[in-house]
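Student: Submitted below is the structure of interest, expressed as structure tokens.
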Amino acid sequence: MMKTLSSLLLLFSVSLQAAPIERVISLAPHATEIAYAAGLGDKLIAVSEMSDYPEAAKKLEKVSNYKGINLEKIITLKPDLILAWPAGNPAKELEKLEQFGFKIYYSQTKSLKDIGDNIEQLSQYSDDPQIGLNNARDYRTHLEALRAKYQNLPKTRYFYQLSDTPIITVAGQNWPTEVFRFCGGENVFDGASAPYPQVSIEQVILKRPQAMFVSPHAIQNNGMWSPWVEEIPALKNAHFWQLNSDWLNRPTPRTLLAIEQVCEHFASIEQKR
């Protein structure tokens, strides 16, 4: 493979940065959604395997997945711009793409603000930048409206479960922590050293969360928490909810839907107090 890549490098070593942006590849589902919001949908030629929104993205060629990036395919497609996800795409493979001279936009989406910024920044590559500028503006306006609506929610200790075997959660500033924090949530595993730590049922019991959230695909065993109803306040008080994982786990304009979903659940707890 290295010999093939070396040959291709000789063919495409000229920098592409000066070329007009007509062919775009996205290496992450959230970057694909943001590209469409920025007005780049007509320029997308390939995306990641899990890029399933909007519907048009499903028809595009697939060049990456959780295992890595198909470098040879990307090189033969000759993109003018690659949308990469530094937190999810292999750094070494991104470095190789840089060495080939490809223009790469790194989608940094660690905060709610970053979503609007990404849309606005990518709009410059659209034939009609106003599409992205309008969508970025609408996103920010809606975000501020939600902030005004839910800013007085009390603090609620929560646990968010990403998977069940093993049990994985989120810690620190890692996505989607800010969505929960926006709604007054306090992560019971906020201080964990790993960004997405593996935890045990016993640890969750000791943390005594007031609310528990899962993604639909996270629970293969629907009864895994049943024996602990009396031990965990969230379960005892029926504060256990499934969330739309695409809305929540992908930092895109649809995150606004996740915010409303989470905030409404926290608000329902307050109504019972």
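From the backbone N, Cα and C atoms, a Cβ is placed for every residue, glycine too.
Quantities reported herein were computed from a predicted structural model and do not represent experimental measurements.
Below are the features listed in Swiss-Prot for this protein:
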SIGNAL    1-18  signal peptide
DOMAIN    23-273  domain 'Fe/B12 periplasmic-binding'
SITE      E72  site 'Important for BtuC binding'
DISULFID  C183-C263  disulfide bond
SITE      E202  site 'Important for BtuC binding'
Student: Going by DSSP, is C183 (disulfide bond) part of a helix, a strand, or coil?
Tutor: coil
Student: 10 Å Cβ neighbour count around C183 (disulfide bond)?
Tutor: 24
Student: Looking only at C-alpha atoms, tell me how far C263 (disulfide bond) is from E202 (site 'Important for BtuC binding'), rounded to the nearest Å.
Tutor: 27
Student: What is the separation, in Å, between the Cα atoms of C183 (disulfide bond) and E202 (site 'Important for BtuC binding')?
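Tutor: Cα of C183 (disulfide bond) to Cα of E202 (site 'Important for BtuC binding') measures 26 Å after rounding.
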Student: How many other Cβ atoms sit within 10 Å of the Cβ of E72 (site 'Important for BtuC binding')?
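Tutor: Excluding its own Cβ, the number within 10 Å is 13.
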Student: Starting from the Cβ of E202 (site 'Important for BtuC binding'), draw a 10 Å sphere and report how many other Cβ atoms land inside it.
Tutor: 10
Student: By a simple count, how many Cβ atoms lie within 10 Å of the Cβ of C263 (disulfide bond), its own Cβ left out?
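Tutor: The answer is 22.
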Student: How big is the gap, in Å, between the Cα of E72 (site 'Important for BtuC binding') and that of E202 (site 'Important for BtuC binding'), rounded to a whole number?
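Tutor: Cα-Cα, rounded: 46 Å.
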